[in-house]
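Below: one structure, written as structure tokens.
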Amino acid sequence: MKHIEIYTDGSCLNNPGFGGWAYILRYKEYQKEGFGAEANTTNNRMELMAIIESLKALKEPCEISLFTDSNLMVQSINEWLEGWIKKDFKGKKNIDLWKEYIKVAKSHKIKAFWVKAHNGHLENERCDTLAREAALKIARENDEKH
């Protein structure tokens, strides 16, 4: 099983509001970036969307070290998700995305790690920039329509 590093970030201009997500996949010297945006979303949805989209980009089962500045994502993936499944997500938010995460994550071995935001962590800073730019772009496009 290949060992992949994934770095993710989500951004929301107002919470809720225009949001963006981004990821960096790294395998040895290979690196791939991805990003996107939504018009009406939250920061937590964008954090989770970055993770989901990064996993969709993988072509085979992998062992993954996932790095995010969202403590909620780290704890959800490493600790809480199994309990949520057993309780059928009762009282939880973003159930649609968590169910999608489960579907795209099931073939991988994933361990999530927290990195401090805005602390000079190169990949986290890059994801932050990409996610924020995606959110700003969709906000500008929306302004132009109105």
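Every residue, even glycine, has its Cβ placed from backbone N, Cα and C.
The domain 'RNase H type-1' feature in Swiss-Prot is assigned to 1-136.
All protein chains considered, the CB of D128 (Mg(2+) 2 binding site) has 20 other CB atoms within 10 Å. According to Swiss-Prot, the feature Mg(2+) 2 binding site maps to D9, D128, an assignment based on sequence analysis.
Look at Swiss-Prot and you will find D9, E47, D69 tagged as Mg(2+) 1 binding site. Counting every protein chain shown, the number of other Cβ atoms lying within 10 Å of the Cβ of E47 (Mg(2+) 1 binding site) is 25.
The two recorded residues, D69 (Mg(2+) 1 binding site) and D9 (Mg(2+) 2 binding site), have Cα atoms 7 Å apart. The Cβ of D9 (Mg(2+) 2 binding site) has 30 neighbouring Cβ atoms from other residues within 10 Å, across all protein chains displayed. D128 (Mg(2+) 2 binding site) falls within a helical segment according to DSSP. Cα separation, D9 (Mg(2+) 2 binding site) to E47 (Mg(2+) 1 binding site), rounded: 5 Å.
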